[in-house]
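Report on the following structure.
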Amino acid sequence: MTSLSKQPMVKAEAVHKSFGLIEVLKGIDLEVQQGEVFCLVGPSGSGKSTFLRCINHLEKINAGRLYVDGQLVGYRQKGDKLYELKEREVADQRKDIGMVFQRFNLFPHMTALQNVMEAPMQVKGESKANARERAAKLLERVGLGDRKGNYPAQLSGGQQQRVAIARALAMDPKLMLFDEPTSALDPELVGEVLDVMRDLAESGMTMVVVTHEMGFAREVGDSLVFMDGGVVVESGHPRDVLSNPQHDRTKAFLANVL
Amino acid sequence: MTEANDKTPVGGGSVAAPDERVKPEAIKAIPVRHYGRWVSSVVVLFLLAAIVLAFSRGQIEWSVVGEYINDGTVIRGAWATLQLTLYAMLIGVVLGMVLAVMRLSQNPVLRNVAWGYIWFFRGTPVLVQLFLWFNLSLVFTYVDLGPIYKNEMTDVMTPFMAALLGLGLNEAAYMAEIGRAGIQSVDRGQTEAAHALGMSPAKTTRRIVLPQAMRVIIPPTGNEFINMLKTSSLAYVIGFSELFLVSREVGSVNLAVMELLIVVTIWYLILTTIFSIGQYYLERHFARGSDRALPPTPLQKIRANVLSFRRQAGPGGVGA
Ligand SMILES: Nc1ncnc2c1ncn2[C@@H]1O[C@H](COP(=O)(O)OP(=O)(O)O)[C@@H](O)[C@H]1O
Ligand SMILES: [Mg+2]
């Protein structure tokens, strides 16, 4: 998956983000290579979700630059001036970036199948028959072929999260963002979701994963970044960072979660 | 009982395999007697009977009631009431939803205009608004939309138009608040999920937010509908021939005031009942996905009620 000509899938340069007077991201620099599983760990409130949401412009950054696949996120640069993108252009950028939320956020008024069909039909204008066929395949892929007609309320948390992954994949994204996808699940349901993510990683999908599942990070991850207080404290290969943390804050955090 | 207990292993000994275990005898207890229920039922039934008796003995010509219930003029009045209600609610719902979206908009001008509208129309009696519309010709002689349309105000502002505008615009203010509550009841995560999939704000509102808001919006809207059926009777003050006005006229001409009032009452009950049934099925439709099972239909409910009544009344109760 490494090729010299390929630019990074995500590139962050000194990304700053404040909510009012509180600065949540204080200059994040990092690169996510194409095809890699990039794990983001850190204590609660360190800004992981905020950074993830900046990548698909659910949050606007205040300073720095953020690129996805070489394209500036949310802005257009002409000379040394930045122009905000129109809503439609932002939506256009987002359709190539899948996102999976901690609380699933499935559409409760639609069945599993309809959840997966919705975006291809509404955003890409795919035909109903086409969308239905692809949605059915995706649900099979996440092991829910027999749950197509169920509403989210009729599914377990693990099943809902797998539908949410299928829903994101239906847009054929080039990048998938996962925000603590297993944190809202009962312990016995975590495995089924991680299995789907592992499959996805093996298929070569570029993934940015915020997680507390250190086992998953160690096994599946290609890079790992430890964040605390809105800055990157330490980064490297997951095995190195997790087994041999350099920084005291990393050591303290890992001692707590492992 | 004792027999069953003997066969059930109690502590100590080895635990019996499931198939060896004997199911304990079903409980056959004497149910609690609800004497209070019976007494209160008798009292209430007695009072009802007294009222019915009083009316049957009062000076009411019931045959006249029967005669006028399907009188052509009365039915035309009921039809006018129904039309006025439907059109006024249509204005109310559509304009109300627009106002609700405006109130939640990022644009301060839209937000404040919506606020002002709601402030004005909720803050004044609908009766006054009806008179205001009806008497608009006192201040504007012409309706002049430049080259498109021009007419005398008295021709435009018929009693029906005045009633429609008065009731519809007033209703929009209430529907706006109902719509706003509905939209705000939808989780932020829904909008984010839709945006993350690349859906535009307009599509997100239409496909994701509004259908979910409907579940919160429909029940109070049903109430508004039924209220509107009744409130539309106010239009009689500006001379619109709806159910109430025509019944007053028919009643006084034929010296059957009370009879016609009863006819009107029956007609309003018929209309509101039909609407209630419609509302029920609409709510059921928009409840999909919110529960693990859909609520029962009235028929299913009646069946369940009869069954549970039989069960309650079972031992020692009235013969089922
Ligand atoms: N919309 C918001 N408004 C104000 N503060 C926010 C908002 N979102 C997040 N924050 C704050 O930003 C900080 C980082 O949050 P978050 O990115 O969710 O952390 P993490 O995901 O690492 O737990 C927290 O202190 C949180 O309270
Ligand atoms: Mg978070």
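Note: Cβ is positioned from N, Cα and C throughout, glycine not excepted.
Those TrEMBL annotations? Automatic predictions, nothing curated.
According to TrEMBL, the features are:
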TRANSMEM  B:38-58  transmembrane segment
TRANSMEM  B:78-102  transmembrane segment
DOMAIN    B:78-279  domain 'ABC transmembrane type-1'
TRANSMEM  B:114-136  transmembrane segment
TRANSMEM  B:156-176  transmembrane segment
TRANSMEM  B:225-245  transmembrane segment
TRANSMEM  B:257-282  transmembrane segment
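Remote same-chain partners of the transmembrane segment (B:156-176), defined as residues 6 or more beyond its termini with a Cβ less than 8 Å from a stretch Cβ, comprise 84, 87-93, 95-97, 99-100, 103, 114, 117-118, 120-122, 126, 129-130, 132-134, 136-137, 143, 221, 224, 228, 231-232, 234-235, 238-242.
Distant neighbours of the transmembrane segment (B:78-102): 110-111, 113-114, 117-118, 160, 163-165, 167-180, 182-183, 205, 210, 221, 224-225, 228-229, 232-233, 235, 240-244, 246, 267, 271; these residues of the same chain sit at least 6 beyond its ends, with a Cβ under 8 Å from one of its Cβ atoms. Sequence-distant neighbours of the transmembrane segment (B:225-245) (same chain, 6+ residues past either end, Cβ-Cβ under 8 Å): 74, 76-78, 80-82, 84-85, 88-89, 92, 126-127, 130-131, 134, 159-160, 162-163, 166-167, 171, 264, 267-268, 271-272, 275-276, 279.
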